[in-house]
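According to TrEMBL:
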type	residues	note
ACT_SITE	Cys336	active site, nucleophile
ACT_SITE	Cys339	active site
BINDING	Arg142, Thr144, Trp155, Ser194, His197, Arg229	FAD binding site
DISULFID	Cys62-Cys67	disulfide bond
DISULFID	Cys98-Cys121	disulfide bond
DISULFID	Cys336-Cys339	disulfide bond
Amino acid sequence: MLCFLQLTGVLDDCFCDIESIDVFNNFKIYPHIRKLVERDFFRYYKVNLKRPCPFWPDEGQCSIKDCHVEPCPEVRVQHAWLICFNLTIPKKLFPSLCCSNQTKEAFADWAHHDDAQDHFCGLDDEMSPEAEHVDLLLNPERYTGYKGPSAWRVWNSIYEENCFKPRSVYRPLNPLAPSRGLCLEKRVFYRLISGLHSSINIHLCAEYLLDEGWGKSVWGPNLHEFRQRFDPAETKGEGTRRLKNLYFLYLIELRALSKVTPYFERSFINLYTGNSQEDSSTKELLLQVLNETKAFPMHFDESSMFAGHKIESKTLKEEFRLHFKNISRIMDCVGCSKCRLWGTLQTQGLGTALRILFSEKEIKKLPENSPSKGFQLTRQEIVALLNGFARLSTSIKELHNFRTLLKDQR
């Protein structure tokens, strides 16, 4: 398949080659990040899947059974962060998990300052009665059958109205044409969205409903679907560029994780679930992943972004942020609940990564032994950041699997 033959060498806008990313991800990062997101702290994500679409009339929810998301009954999510904030759960049920007054005050302080941060996507109100906790392990991202005009309308809106696209691109689903005439920042933004789209498509191809017979459904890789989305012959030559943009997005989020490592290295930062042994091992595994990211020798250099005239750079950065925030709102227009769940999570993960990259000075100023009123990450952002990166890591791993399958098919 030509897209793999051409998927080699150095990526544009950075000094890293695809082969190095493959080895680093598949052998060093993927095994650890996969284990990390299975831990209790990272497997529960609170999301509002009932918000109406703000851009066009609601077309209703997908009726396909695999589109459905099964939320957790609140009482099942036995975590301190639930007990502290959800007053509908009697504290006597889990007295050992209740937060101290000092911890509550710290959470309240952090929540207050979250509102003042330069978020790149809308944050769900965790106190909203319509926001529910979802067990990500029980609602995996996979092909649900959601497609057609409704699905394309979402991506059309993202590419046509919310991306900095080259003037030469007229078709919304042709986002990967050579981006001549765009500055680095706009080019980066465009490639991030394309990379996210490619990653999601790979997940759908790798976890495709192959058989829905008696008993248990069978999910697995669909080579035909993969070819339709990435074979140059099927995509008018765009397949390789789509995959390269996935690698570019991976580098951006990898860079963010390496930059945010000092935030999590502080001793008082605790991934709290109420089980001290579990919490300790989860943080140890997280730091192992983060230190691996720091050791990667060919990071994307974000210092060249927004480095021009001060006023122009500030305007461009704000435009960059608002475009991305708008894309996060478009996720409320996705009719498939499971697709909306994972689209929202991965969008928030990328938005969190961007905020980290633009907050390097604030992160360096963080005190070692006490909370700060400066840079903070909410629990939602942490969960989205690591799960979002895990999805990218999985995509690159799945590409290796598709390579093997295509070779075997010859």
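Note: Cβ is positioned from N, Cα and C throughout, glycine not excepted.
Curation does not apply to TrEMBL; its annotations are automatic.
Note that this is a predicted model, so its numbers are computed, not measured.
The CA atom of His197 (FAD binding site) is located 12 Å away from the CA atom of the residue listed as 'active site'. Between the CA atoms of Cys339 (active site) and Cys67 (disulfide bond) there is a gap of 7 Å, rounded to the nearest whole number. Within the same chain, residues at least six positions away from Thr144 (FAD binding site) with a Cβ under 8 Å of its Cβ are Cys62, Ile64, Asp66, Cys67, Leu209, Cys336, Lys338, Cys339. In this entry, Arg142, Thr144, Trp155, Ser194, His197, Arg229 make up the residues listed for FAD, with the farthest two CA atoms of the set 21 Å from each other. Long-range Cβ neighbours of Arg142 (FAD binding site) (same chain, at least 6 residues apart, Cβ-Cβ under 8 Å): Asp66, His203, Leu204, Glu207, Tyr208, Leu209, Trp219, Lys338.
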